[in-house]
């Protein structure tokens, strides 16, 4: 009889409840407005950056091609979690079905994994540009760039295809409350009533492998870059090279640091509140900051933006 009741509860209650950021806030309405504004900033900033790079022929270089892909990933990344969270707050609901939860998990894992590998490809691009400038057009031709970008997307999707089905097939017979604002793997795994230790170990090893490959590429690339910058005779060249690389390192440190905390630190270091704060950093703040980092102090991008604004003003004048 008890087994029958348990199975009935397990099959009927297929929805999860997202106990997210707003339940932890004393001023949920204010927080909702702030997150909505951050979402608009990320959406508009990354979209403008993509359009600028697409429209300006001077920005049709490998570096800006990678930045376009990064902006595209950021737009998709923030769109996977934030609209659902905001709509739930406005509508006064916090439920998410199992299929929706699985889809959300798959997309954020795929996009997060793809960004891991793309940042490594961007580091390699900077290494070739600074350390082998004469061979740069050959070593980073359009075919190589497409190969690196497509590999990033494919390897990221492997992460999603591998972790999502396993996570969502575990039996969830405990509380259906996910103490998070989206279906993140560690938060969902806490609801399982079966032994997940082997899966958690495999997930940890998978993250270590991803980190080892990408961090090895990034560290080796920047080690050679710093050595080359140190040997440069031109002060202007050193300044430009260092500025370009420092922007990229800011993005790498913020994104990788949050991922290490979420997937590699022992559970004793985690609390729902800490997990949500860290997740806000890499799901909301990083997509907001990336276009600012790559545009505000970038002369090529600011020049292209001024050019687009001038064209727009001239067009308006002709219509009057």
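Backbone N, Cα and C atoms are what each Cβ position is placed from, and that goes for glycine too.
Sequence annotations record features per position, and here TrEMBL assigns domain 'G-protein coupled receptors family 1 profile' to 45-294.
Under the heading transmembrane segment, TrEMBL lists 28-52 (among others). Long-range Cβ contacts of the transmembrane segment (28-52) within its own chain (Cβ-Cβ under 8 Å, at least 6 residues beyond either end) map to 21-22, 59, 67-68, 71-72, 74-75, 78-79, 82-83, 85-86, 89-90, 284-285, 287-288, 290-292, 294-295, 301, 304-305, 308.
As annotated by TrEMBL, transmembrane segment applies to 64-86 (among others).
Annotation source TrEMBL lists transmembrane segment at 106-124 (among others).
Note on the transmembrane segment (144-163): residues 62, 65-66, 69, 105-107, 109-118, 121, 124-125, 185, 203, 206, 210 of its chain, located 6 or more positions outside it, place their CB under 8 angstroms from a CB of the stretch. Summarising the annotation, TrEMBL assigns transmembrane segment to 144-163 (among others).
Beyond the ends of the transmembrane segment (202-229), by six or more residues, the same chain brings 113, 116-117, 119-120, 123-124, 126-127, 130-131, 159, 162-163, 185, 238, 241-242, 245, 249, 252, 256, 259-260, 263-264 to within a C-beta distance below 8 angstroms of the stretch. Feature annotation from TrEMBL assigns transmembrane segment to 202-229 (among others).
Sequence-distant contacts of the transmembrane segment (241-264) (same chain, six or more residues past either end, CB-CB distance under 8 Å): 63, 70, 112, 115-116, 119, 122-123, 126, 130, 184-186, 203-204, 207-208, 211, 214-215, 218, 222, 225, 228-229, 232, 275, 278-279, 281-282, 285-286, 289-290, 293-294, 297-298. Look at TrEMBL and you will find 241-264 (among others) tagged as transmembrane segment.
Look at TrEMBL and you will find 276-296 (among others) tagged as transmembrane segment. Note on the transmembrane segment (276-296): residues 20-21, 24, 35, 38-39, 41-42, 45-46, 48-49, 67, 70-71, 74-75, 77-78, 81-82, 108, 112, 179-182, 184, 247, 250-251, 254-255, 258-259, 261-262, 302, 305 of its chain, located 6 or more positions outside it, place their CB under 8 angstroms from a CB of the stretch.
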